[in-house]
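Listed in TrEMBL:
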type: DOMAIN; residues: 706-798; note: domain 'DYW'
type: REPEAT; residues: 95-129; note: repeat 'PPR'
type: REPEAT; residues: 196-230; note: repeat 'PPR'
type: REPEAT; residues: 258-292; note: repeat 'PPR'
type: REPEAT; residues: 359-393; note: repeat 'PPR'
type: REPEAT; residues: 491-525; note: repeat 'PPR'
């Protein structure tokens, strides 16, 4: 754009938009023009002054031009940076001050890449560079994190002799520190002939940002004069690195404290879950009359949220309104989080709807608040109304569905997310894999695993453990091992998943071997580890080994047994037929037994036919937990096995009166990527006719194989023929029939059962595996059963 074009544009702008009364006197000189320039209040007046400078020729005066450019850059965004650049390019004889002014403008407007171009132009025009130019170049390099450019500038500084300038050296030290090359920063610091407080603060800030406590402490201790900025930096560093006592000591020793000092200490407490101390410090801060800002209030509100202290939270909310900072969006988000954490969902909702300055965090916080209090429909409605969603939005909703056991919705929403081309984070993937586990959706789980590999997503300890858990719970032991061997981070929870998984899959020897290998690698077992180990022992009736591990937990690892450990021991003894020993353990254990522990013994009584003990314990359990369906059913079955139908009807009548409903047996099977559910006696499946035909074929083949229905399993006062029909309509058999129709060999038929598999279905599955030459995998409430060629992996001990 030529000078004439600019003049024409400005003249047109002035005539069309300015007040006809001129702001200039008839006779004008440079000093008056500069005075008017300093009083300019808007862009229109600025363009009028620029027009006058061009008309009078003052634009060619270097001093006048420098004043004009300085004002235009200082008035941003009042004057656009591109407009400033046009003015700069039309200055006839720019000097170093003008170049520096333009460089500073580019840095202020986050355009550091253009600064180096101006420097090259200065060198090409043989322009004299001063000690204000190089700090600007170094600042631009720091903003771009370009240590290469920074070193080039450093070389020029040394060449022209500005390496003794403390201001230049300070910016170089800061640049090296920001770019992460602290060795260069320290070398320059140590070799600098002159240091000031900025020098010390710059090198200290570098070590603080790097988290290097040792070097930061050395610099701080050797400072000739400690200032508030340095002390604040050290408190921040101590807080980040867990040195809370050092942070407190330094804070107490500070002769002078500012807002940042108090804020740093409160943040330190909050980061280390010392929420009471954070609130107490905030109170002292108020007592000292220190004016708070939104940063410190956010930390304090976080402490209130963690303590669920809504009373203090509301007082702080009132303070926020009083000092007038309530409109900061991060503060509003902290308030929403605080109210939702304290289950004050109405207050959170009111604040959200009244706010006009909302961002994505606000929406995500409110969605999380709804999910936390169980308002899934409100959360989904808010989610659907979002004009923009990020990965946190999707993650909150997907995790919310998973946490509230809505696993089908979890997978459906993930599919929607894929259509939006959003890359999932670790939290989302963990929720999706957990949903696949609960739905027995192995194919979809494998697809997710493939997706992770194809997109080169890192499998950390949590994600890897979740994958191992899924494969183990769905009977894919080899897949679980492949994940384990491919993991870089392996924690105790990962080992626990393998130990529990092997035990669940009936591979007891491998489960116990994995425990030994874990100890060899120096990983210390925890409470959950021993639940897995004791669980492995109970699956195979290893009573002596179980006692040895139980005692080792107490004596060697100093782990106090909890109710689950005692429950495992009672179950181990009960399954082995040692019913009196199991009851004695319950009576002598140092903690009160829960209903699950008594329930394990009740199940053992039924298994081993001790009706007297079973009836006594059953009645006790029904009294302890009258709403539990399982205890009523087992007690009813004990009476039925003795032919006491009157007692059976009495128990069922009691269940009706109390509103106790027996949980129906449900079996799930995945075929062609879809999970199908079957209930006992189910006739609602779209392929029920084909299933009925397959059931008939199964019955014929089983009779040839020598199968005889275990009618004693049907504890109803009906004929044997009716009992046989009832047995053959169990959910496991319906699922197996469906699997024979839809899943081609050699793919195993995988079924997940919500309850323990009954004796008859267990026997039938063994016969079916041989008659149809198919591998059948059933995971019931307690363990896996691998049926192949007429035998089961549990060896009939379950």
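Glycine too: its Cβ is placed from the backbone N, Cα and C atoms.
Taking Cβ pairs closer than 8 Å, the repeat 'PPR' (258-292) reaches residues 228, 231-232, 235-236, 238-240, 242, 244, 247-248, 251, 299-300, 302-304, 306-307, 309, 312, 319, 323 in its own chain, all 6 or more past its ends. Counting residues 6+ beyond its ends, the repeat 'PPR' (196-230) has Cβ neighbours under 8 Å at 166, 169-170, 173-174, 176-178, 180, 182, 185-186, 189, 236-238, 240-241, 243, 254, 256-258, 260-261 in the same chain. Through the fold, the repeat 'PPR' (359-393) approaches residues 329-330, 332-333, 336-337, 339-341, 343, 345, 348-349, 352, 399-401, 403-404, 406, 420, 422-425, 428 of its own chain, all at least 6 residues removed from its boundaries and within a Cβ separation under 8 Å. Confidence annotation: the repeat 'PPR' (258-292) carries a mean pLDDT of 92 in the model. Among residues of the same chain six or more beyond the repeat 'PPR' (491-525), those with a C-beta under 8 A of the stretch's C-beta atoms are 461-462, 464-465, 468-469, 471-473, 475, 477, 480-481, 484, 531-533, 535-537, 539-540, 542, 545, 553, 557, 779, 782-786, 793-794. Summarised by DSSP class, the composition of the repeat 'PPR' (258-292) is 26 helix, 0 strand, 9 coil.
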